[in-house]
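Here's what TrEMBL has on this protein:
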| type | residues | note |
| --- | --- | --- |
| DOMAIN | 48-141 | domain 'Ig-like' |
| DOMAIN | 144-229 | domain 'Ig-like' |
| DOMAIN | 234-322 | domain 'Ig-like' |
| SIGNAL | 1-30 | signal peptide |
| TRANSMEM | 452-473 | transmembrane segment |
Amino acid sequence: MECISNMCQRFTWSMLFLLAIIFHIKTTVSHSDGLFTMPDHDSPTVSPKFLSRGHLYKVIVGETIELPCKVQNLGSFVLLWRKGSSVLTAGHLKITRDQRFKIVGDYNLQIASVKTQDAGDYICQLGDQENRDQVHTVEILVPPTLRALPHNGQVTARKGSTVTLECKASGNPVPTIYWFKKDVFAGPTHLSDSSTLILENVDRHHAGIYQCSADNGVKERVSMDIQLTILSPPEITVEKSWVHAAEGHDVELACIVHGDVNSEMLWYQNSFLLDPTDRRSMQSNDDKYTLIIRKFQPSDFGNYSCVADNALGRTKKYIEVSGRPGPANFISPALSGYLDHYNLTWTIESIPALDEIKLLYRRLLMNETYQHPGKWHENHINPTLIRFDNTHFIMSHVIKNLEHNAVYEAIVQAKNKYGWNEISDIHQFYTRNHDLLLDIDMEYKMGISNGAGALFTLYLLNGEAACAIFLLLKVCI
């Protein structure tokens, strides 16, 4: 039955084509004095000729395209449009039933709302003995479309596992896929140009929004987001692992908890679980947990720990709360403006007054391949205390009798009523040689403003004795 149906269809198209030719011949009969006469075929005729040329046309799906077919000296010949073996038009007679096709102008073929199946070769053919034709090729451009796997755009994985994110794109031309990780502060980071993105040994830093984009140059690029969640035991970072405190003052300890699973936070002092009291309170804001101790007492000194618990594990971080001074922080420039002495300036965190300062320095013998430290020289300083702010002091000391064009190292240690602090990091400084000239005033001038707005300046003048002038107090060394 299917074979019979196909034969009937071919027969029907053949009959339509024949009728179109007959119709076209009839319409070319000349009319004179009410009589129809056939054209004189014995008279010389000029062969028809194509004026247009075959071409490749690219059109975006859904748009309209017009294929030209311009013929000179068509005469009584019939012009056919066909695609493959299917005849679309004969002359101005439309054969196809598809309403999107029509003849416009002379014999141009217009296709409205093009579809992907409209791609292919379209032939404008002369119905002469040579069956000459002109071929236009139509390529349908399709904007990219994306499909993310999984379809809901949500992926959850355990810490340490391997995660595969996948996006499938379609379109013509074949789209290129780009992977990015979104960041509200730094902007998107380009990761890959593949349909799959593989993340190995994932941790909390891999969590976030990943975006796959597809682009083939047809209309706009399209994108989809995938949210990656990493399940892990809680991870804790502390704002400060060492906190300075003093009696009568308020102290705040903070722990940041990382991890997607909701965690329970507990605070301990020297292994004892802490509960809220009239002087002690616990607060939380998103992933930040804070312990506030008001009117600090001697019994409050010690080691504190914040402990975070969730279904995947437990994590602990320690914070030491001490009354001892903090380590010295050097603020003087490394290069001295003098041949034989150097002004060393530093700050120290301490609420109580400082009782004693220990300064040690040594020369460092070195060249391109050799480095040998000399013997430490120790100075004990009874400091004149200058407040930098409510919790810091600023101090300065001139180290004299140095070698010119030499390298030195210095460390500082301080003591208050609670004891000595940790020895500072090494500060390296240099004395100048005879050939180097510096603006001495600019080298050692410091502009420091405390909370009350007082301005402190320090000068070394003409290689003479140094004086620290702090507006409110002058100390000569």
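The backbone N, Cα and C atoms fix where each Cβ goes, glycine too.
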#### Entry: Residues in the domain 'Ig-like' (48-141) grouped by DSSP into helix, strand and remaining coil
3 helix, 48 strand, 43 coil
### Task
Average the per-residue pLDDT over the domain 'Ig-like' (144-229) and send me the rounded value.
93
### Query
DSSP helix, strand and coil counts for the domain 'Ig-like' (234-322)?
3 helix, 54 strand, 32 coil
